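Feature list (source: TrEMBL):
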DOMAIN    B:454-570  domain 'STAS'
TRANSMEM  B:26-47  transmembrane segment
TRANSMEM  B:73-93  transmembrane segment
TRANSMEM  B:99-122  transmembrane segment
TRANSMEM  B:134-152  transmembrane segment
TRANSMEM  B:172-197  transmembrane segment
TRANSMEM  B:217-237  transmembrane segment
TRANSMEM  B:270-294  transmembrane segment
TRANSMEM  B:306-324  transmembrane segment
TRANSMEM  B:344-364  transmembrane segment
TRANSMEM  B:371-388  transmembrane segment
TRANSMEM  B:400-428  transmembrane segment
Protein chains: 2
Amino acid sequence: MTPLARYLPILDWGRSYTGAQMSSDLIAAVIVTIMLIPQSLAYALLAGLPPEAGIYASIVPILLYAVFGTSRVLAVGPVAVVSLMTAVAVGQVAEQGTIGYALAALSLALLSGVMLLAMGLLRLGFLANFLSHPVIAGFITASGVLIAASQLKHILGVPAQGHTLLEMAASLAAHGAETSLLTLAIGAGAVAFLFWVRKGLKPLLLRLGLPPGLADFAVKAGPVGAVVATTVLVQAYGLHTQGVAIVGAVPQSLPPLTLPSFSLELLNTLLVPALLISVIGFVESVSVAQTLAARKRQRIDPDQELIGLGAANLGAAFTGGFPVTGGFARSVVNYDAGAETPAAGAFTAAGLAIAALFLTPLVYFLPKATLAATIIVAVLSLVDFSILKRTWVYSKADFLAVAATLLMTLGLGVEAGVSAGVIMSLLLHLYKTSRPHVAEVGRVPGTEHFRNIRRHKVETSPGLLSLRIDESLYFVNARFLENLVLDRLARDKDLRNVVLMCSAVNEIDYSALENLEAINQRLKEQGIGLHLSEVKGPVMDRLQKTHFLEELNGRVYLSQFHAWQELSAA
Amino acid sequence: MTPLARYLPILDWGRSYTGAQMSSDLIAAVIVTIMLIPQSLAYALLAGLPPEAGIYASIVPILLYAVFGTSRVLAVGPVAVVSLMTAVAVGQVAEQGTIGYALAALSLALLSGVMLLAMGLLRLGFLANFLSHPVIAGFITASGVLIAASQLKHILGVPAQGHTLLEMAASLAAHGAETSLLTLAIGAGAVAFLFWVRKGLKPLLLRLGLPPGLADFAVKAGPVGAVVATTVLVQAYGLHTQGVAIVGAVPQSLPPLTLPSFSLELLNTLLVPALLISVIGFVESVSVAQTLAARKRQRIDPDQELIGLGAANLGAAFTGGFPVTGGFARSVVNYDAGAETPAAGAFTAAGLAIAALFLTPLVYFLPKATLAATIIVAVLSLVDFSILKRTWVYSKADFLAVAATLLMTLGLGVEAGVSAGVIMSLLLHLYKTSRPHVAEVGRVPGTEHFRNIRRHKVETSPGLLSLRIDESLYFVNARFLENLVLDRLARDKDLRNVVLMCSAVNEIDYSALENLEAINQRLKEQGIGLHLSEVKGPVMDRLQKTHFLEELNGRVYLSQFHAWQELSAA
């Protein structure tokens, strides 16, 4: 691959673009555009921004991702979790509804874009691996709950606020008496309708004889139905004069050229939130892209994905948007609708541009409660507490990491939650490796194979102690091994030879080397041999650079069986 | 062991205390007391406290350690690194020479004592393992340089200050013109004399026919000689009236009963420094105690050591002292002088109490430059830059950790240095495990042993891919394995079976399990078998709690040899 093609995947698929692909892409684009109009407005509302920001954030970013991204079907734009994180981060520096707020959202997209781009050029895609699957699952579930809770104020029509469950509950309780019953009726009705569309509409349509493809499309169009119905209702009865909040005037315009604020103080405050948004957004996007690519036996390149998402966020920063990433729902719809290349994304962008120019007057009477309802129904499908049970059964350490993430996210907000999850899972990993499993092994009779004497019927030999160390030796556990060997030494007076079976030792760092030297010294003083077996190539290479092997009071055996043959005869 | 005896090791050795042990202990105590008088004064100076604080800090803490500590020969009191860290921490909250400064030092000892005690009761001694040997070595060397540099102002007789090398150099340069030549003569003379005592005195005495024991004692008494000579010099010629700073009046008193400040704001500010002091002090103390215990085939209990050191620091907090720990120099002298039980420490405490009551007028004319000289000579023996070369040869990751510790300590101070070292070594470890070594293995002909096909002459079988994974599988590297297997899959079209040899896989966490499921799914779709071999007991236990083994498109073999026999025939 030429360097240019590597950084511009569009050169790859663009060269062989066919008419058949184009018609598939066009059909997909129409379906995705229809779905994205209400979704974009809703996520702008969630991020605390004017509705048009959601549409702008879906146009130029999609185009840029089509040029730089490696996934064929990923759809980039505002997504629920990132929109919530944007609201939290920007809410710390500006008041919703002010110019400063919109400006800070642009700066957040700028920072996030620069970080993603830098990580991509430095090939730091592996950093995303620091988020374990259970931590991600816990975070998504807790964020879903938080997002749904944050929309209750629009359903009730009250001016509540807060970034944690407790704050939201307290604020809702304080404003409860101001509830607008008309708004509540519209909001609750829309929620009920949308849930019914998800569960009950498709079976009904199939029973009525509709082909499955069309029934699926009807389900996807459900939110549009709710939008149309409630907009008509408000306009017909003038409900906006009776306390129902509506979207109101949205400018008819293509995405404007905008400049984010470059205030150093602002950028400094947004640094950590931007990093978290970048990493979370990247992880969400890559998971979706990998899942969809795998279905078609395609591969994506995580480092180039960083570049694609970085470009998309820079695009958002300069065209009136806010942080974006590859979304699950929109990408799945794109895939299901038959998109074959990123050109489908470009067509979607065109569709949204047309909507921004000509269709915005139609949403004037759209109640905010309807948008809140679409958000609630969308995010509640992400909520899945079963991760708690599954990790509890499998591993208490994973369970602890999930529980910490969930509780911290709900109790202290998204940034604290995801940080706690990462730190907790790293510390638990270090703790586990600090007390490695060490098994005394014996020979499985009649074979050259050695297993734990406590789990298998094996032969042992008097005076010979064979220990299989089930962990790399490094500073965190270096002293552990020394203590263990010296304890065994104190208990077993007939010991003549100790073999450390190193089949599971993937590294010996400098600290562990010093502890091995100390063990060797102590055994030598007592006339006991110290031997190693099954030392791996990379570990052996490194030991050979030291004096340890010369000073070793014993030998290094290629296999534990060789050690056994020679030392059990002794 | 009864719970009481576990927490009170004195009940163990105290019960069988003999007259012979007592006379050994008494002799050791006399020698240590003589050495400790100038040392205690010097470390108080280093910590920025009045000289008597150093003596007080050596009395009650020693007694408490004798009751609660597990080492027979550890000598507890002020040590160089901890004294420097005290000066840095307390200097942030109060001005040297004020009551507030001394009070903050007491509070620091209190916090440190409470932390050590809590860590001991919670059995958190393993936390000390988070400091790798190279990081400790780098830190000790850099601290030695910093401490020596910090004493130059006393040698020159100027009021310089600063906590980093640059700050000190700038401050010394600014005050250079004020240098007191008389002070410089005394200080430089003392430094030269003390270096000569270390290097040249013993050979000279041996040549003069002195027995080696007495020659050693003369070397140890060198600082006392310098103290006596320069004190007499100052008094005889009235040099203190000509610009030579002297210790001056020291109260004749037993350690006073003192109350540390319990101001929440102060304690909050000192929290992090106290934690670092506790951990560094504990690591230094345990290393010394373990080294000396090993020489006599004794063991120490790190968790009980935490309790012993915690009690000692609480003692310091309430008797006019400052943070203490087990010191290298004083413990080695105690050991060499023949101490057999912690009673030697108690006798030392009695000796120092007598000194505090009756001998303090003798140090009135002692020049501070002499104390600075004893510190410089003592700490420069700790400076050893060879750790840089040794780690460079062995492992670049260890080298990076040392270099970071050294540079950060010298450039930004002790707290930044030790934090950087710990964080750097942990991140490097995580980075290494994020890209594990994976070897394709084949059979060593005629054996049941399997090794890397690139390093050994081995047999392979067409259609069978055996991969030995040289790392535990956990979230940081889970996706790595998936990518690796899928890449192999794309390249090798004749593949029929994949065996993952798990002899080095010590853990499979929930994230890695999900990736294994994904790998299994992909291989199953293409009709390729996925097998595991040599799965360890604890890993297997956990897999059996899931559906993974039922869904596995292949088998789990006890040994790689079994897998080979069955699958290479296929």
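Note that Cβ sites are derived from N, Cα and C of the backbone, with glycine treated the same way.
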(message) Using DSSP, what is the helix/strand/coil residue split across the domain 'STAS' (B:454-570)?
(response) 54 helix, 21 strand, 42 coil
(message) Let me spell it out: take the transmembrane segment (B:371-388), skip the flanking residues so only those 6+ beyond its ends count, and list any with a Cβ under 8 Å from a Cβ in it.
(response) 38-39, 41-43, 45-46, 80, 134, 137-138, 140-141, 143-145, 147-148, 151-152, 154-155, 187, 190-191, 193-195, 198, 223, 226-227, 247, 329, 399, 402-403, 406
(message) Applying the under-8 angstroms CB criterion, which one of B:26-47, B:172-197, B:400-428 scores highest with the transmembrane segment (B:344-364)?
(response) B:26-47
(message) As a test: from B:73-93, B:134-152, B:270-294, B:306-324, pick the stretch that has the greatest number of Cβ pairs under 8 Å with the transmembrane segment (B:400-428).
(response) B:134-152
(message) Give the nonlocal contacts of the transmembrane segment (B:217-237) in its own chain as ranges (CB under 8 Å, at least six residues past its ends).
(response) 31, 34-35, 37-39, 186, 189-190, 193-194, 197-198, 201-202, 205, 210, 244, 246, 333, 362-367, 369-371, 373-374
(message) Suppose I define contact as three or more CB-CB distances under 8 A, residues 6 or more apart in sequence; do the transmembrane segment (B:73-93) and the transmembrane segment (B:134-152) meet it?
(response) yes
(request) Averaged across the domain 'STAS' (B:454-570), what pLDDT does the model get? Just tell me the whole number, please. (result) 89
(message) At a C-beta cut-off of under 8 Å, are there same-chain residues at least 6 beyond the transmembrane segment (B:270-294) that contact it? List them, or none.
(response) 70-74, 76, 79, 81-82, 85-86, 88-90, 92-93, 104, 107-108, 111-112, 115-116, 119, 125, 127-128, 131, 136, 139, 300, 302, 305-306, 309, 323-328, 331-332, 335, 414-415, 418-419
(message) What residues elsewhere in the chain lie close to the transmembrane segment (B:172-197), defined as a C-beta under 8 angstroms and at least 6 residues from its ends?
(response) 152-160, 219, 222-223, 225-226, 230, 233-234, 239, 242-245, 367, 369-370, 372-374, 376-377
